[in-house]
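K.L.:
The structure that follows is given in the form of structure tokens.
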Amino acid sequence: MAFSVVILAAGKGTRMKSSMPKVLHPIGAKPMVQRIIDTVHQLGAASINLVYGHQAEQLQQALGHNALNWCLQAEQLGTGHAVQQAVPHISDDEDVLILVGDAPLIKANTLHNLLQVKNNADVALLTVNVADPTGMGRIIRQGDNVTAIVEHKDASDAQRQICEINTGMMVLNGKDLKRWLANLNSNNAQGEFYLTDVIEMAANEGKVIKAAQPNSEIEVEGINNRKQLAAIERAFQFEQAQELMMQGVSLLDPHRFDLRGDIIVGQDISIDVNVVIEGTVKIGSNVTIGPNCILKDCEIADGATIEANSMLDQAIVGENCSVGPYARLRPGAVMHENARVGNFVEMKKTTLGKGSKANHLTYLGDTTVGIGANIGAGTITCNYDGVNKSKTIIGDGAFIGSNSALVAPVQIGNMATVGAGSVVTKTVADQELAIARAKQRNVSGWQRPTKPE
């Protein structure tokens with residue numbers, strides 16, 4: 001049967017102590033509610049209804065690219081009242097999957113199983129057994145059938161001993177749901193309209209109510225404060241790490257690895273501790289990544305090595321290249337095979353040719369370096385005059401001496417040499433030597449200044 005989805009995301013989230021809506025706080029660098037939306041898309045829902053109540057502008061800015069029905073809950077009168085706001089978008093002849101917006105680790109296969117259970121029942125609930133159910137709604141059963149969900153504050157002492165709890169997620173027929181919602185009342189300790197009361201209504205009508213459970217309790221754990229946010233983040237990251245290891249990636253410590261985007265991997269990759277992956281990163285085979293590296297929207301080819309404490313952003317690293325330690329490749333940095341960038345080298349909009357190297361203490365911006373060139377320590381390409389950026393071209397086999405400044409626009413020819421300490425402002429032809437520095441003068445008999453006694 002066709003189904004639509006209602007995501008409850010109207011809570012104030014006061015315990016987060018944040019000006020940002022709770023459901024926009026990130027898990028793996030993505031808003032938690034976006035993760036739920038992405039999961040729902042895998043199931044083929046006919047429509048997604050988002051019930052919101054606070055900071056609408058922030059929510060729409062973050063989630064506006066999704067095809068959503070926006071359902072405003074102006075007053076926070078309970079979960080039943082929240083679902084009522086989506087009623088105009090619910091059809092009688094479809095099932096309705098109700099989800100909570102603060103449980104981002106829910107899996108598509110768990111929701112698929114829940115929908116399958118609904119095919120053989122009138123109502124399907126997602127429940128879970130926990131060691132400490134304090135504060136949670138208890139599942140009341142008669143045999144295999146669920147007869148009610150009792151909120152903790154309304155539960156008797158005997159009911160509070162039950163460890164099977166409500167997750168807030170369920171599937172109901174649209175026509176039945178609308179009828180039950182219309183009959184809700186707020187005669188309870190909280191003075192709210194409980195969505196859970198529809199379960200008792202269904203039971204009183206003799207409806208068949210079945211339950212499904214997730215593979216892991218973490219799938220349905222909600223987030224109400226920063227401590228829980230951090231715990232869910234770590235659980236998510238460890239889950240990603242386990243998946244990568246099953247794909248053949250060696251993680252020296254899977255508890256100290258962060259994937260905040262997507263990664264495409266080859267074989268025999270070794271990743272040290274505290275590596276962060278952001279955006280979309282593609283890593284070839286036989287790649288080694290040292291500790292404390294940040295890789296964002298990069299491509300790293302087979303056999304490359306990224307040494308410790310290096311940062312790569314929108315960079316392309318060719319086969320058997322070496323980067324770092326302490327290197328920074330900014331957007332537009334391209335290294336061809338067997339090139340090397342060493343410690344404290346920064347590249348931006350720069351191509352480093354096959355076998356070329358800049359081993360230390362260098363800035364290369366808006367630069368093209370040919371094949372087999374050597375860039376000495378302390379070399380700077382002066383690419384910005386305060387208004388415009390200009391290019392530097394360094395030819396094949398060129399040798400740039402240490403502590404040189406190449407003032408763009410400038411071109412260094414093939415096999416040309418620049419003497420150490422030079423400030424080069426004009427073209428250096430192929431195989432020429434350029435020396436652009438003050439002539440050394442030695443003063444004999446010179447006396448150092450001394451401090452007065």
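Using the three backbone atoms N, Cα and C, a Cβ is placed for every residue, glycine included.
According to Swiss-Prot, the record shows the following:
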type	residues	note
ACT_SITE	His360	active site, proton acceptor
BINDING	8-11, Lys22, Gln73, 78-79, Gly137, Glu151, Asn166, Asn224, Arg330, Lys348, Tyr363, Asn374	UDP-N-acetyl-alpha-D-glucosamine binding site
BINDING	Asp102, Asn224	Mg(2+) binding site
BINDING	Ala377, Asn383, Tyr384, Ser402, Ala420, Arg437	acetyl-CoA binding site
REGION	227-247	region 'Linker'
REGION	248-453	region 'N-acetyltransferase'
K.L.:
Could you say which of the binding-site residues Gly78, Gly137 has its Cβ with the most other Cβ atoms inside 10 Å?
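P.N.:
Buried the deepest by this measure is Gly137.
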K.L.:
Tally of helix, strand and coil residues over the region 'Linker' (227-247) according to DSSP?
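P.N.:
Computed counts for the region 'Linker' (227-247) are 20 helix, 0 strand, 1 coil.
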K.L.:
Far apart in sequence but close in space: which same-chain residues, 6 or more away, have a Cβ under 8 Å from the residue listed as 'active site, proton acceptor'?
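P.N.:
Looking at Cβ-Cβ distances below 8 Å from the residue listed as 'active site, proton acceptor', excluding near sequence neighbours, one finds Gly342, Asn343, Phe344, Val345, Ala377.
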K.L.:
In sequence order, which residues at least six apart in the same chain have a CB under 8 Å from the CB of Ser402 (acetyl-CoA binding site)?
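P.N.:
Those within reach of Ser402 (acetyl-CoA binding site), by Cβ under 8 Å and sequence separation of 6 or more, are Gly376, Ala377, Gly378, Thr379, Ala420, Gly421.
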K.L.:
Kindly assign Ala10 (UDP-N-acetyl-alpha-D-glucosamine binding site) to one of the three DSSP-derived states: helix, strand or coil.
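P.N.:
Reduced to three states, the DSSP call for Ala10 (UDP-N-acetyl-alpha-D-glucosamine binding site) is coil.
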K.L.:
Going along the chain, which residues six or more apart from Tyr384 (acetyl-CoA binding site) have their CB under 8 A from its CB?
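P.N.:
In sequence order, the residues whose Cβ lies under 8 Å from that of Tyr384 (acetyl-CoA binding site) (at least 6 apart) are Gly365, Ser390.
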K.L.:
Same chain only, sequence gap of 6 or more: which residues have a CB within under 8 Å of the CB of Leu8 (UDP-N-acetyl-alpha-D-glucosamine binding site)?
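P.N.:
Sequence-distant Cβ neighbours: Val51, Thr79, Ala82, Val83, Ile98, Leu99, Val100, Gly101, Gly168.
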K.L.:
Six or more residues out from either end of the region 'Linker' (227-247), which same-chain residues have a Cβ under 8 Å from its Cβ atoms?
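P.N.:
Sequence-remote neighbours of the region 'Linker' (227-247) are 16, 25, 27-28, 32, 104-105, 218, 221, 254-255, 257-259, 263, 265.
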K.L.:
For the acetyl-CoA site made of Ala377, Asn383, Tyr384, Ser402, Ala420, Arg437, how many Å separate the two farthest Cα atoms?
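P.N.:
So the maximum pairwise Cα distance among the acetyl-CoA binders is 22 Å.
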K.L.:
Work out how many Å separate Arg330 (UDP-N-acetyl-alpha-D-glucosamine binding site) and Asn224 (Mg(2+) binding site) at their Cα atoms, rounded off.
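P.N.:
About 37 Å separates the two Cα atoms.
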K.L.:
Looking at the binding-site residues listed here (Gly78, Asn383, Arg437), whose Cα lies nearest to that of Asn224 (Mg(2+) binding site)?
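P.N.:
Minimum Cα distance from Asn224 (Mg(2+) binding site) across Gly78, Asn383, Arg437 lands on Gly78.
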K.L.:
Between Tyr363 (UDP-N-acetyl-alpha-D-glucosamine binding site) and Asp102 (Mg(2+) binding site), how far is it from one CA atom to the other, in Å?
P.N.:
45
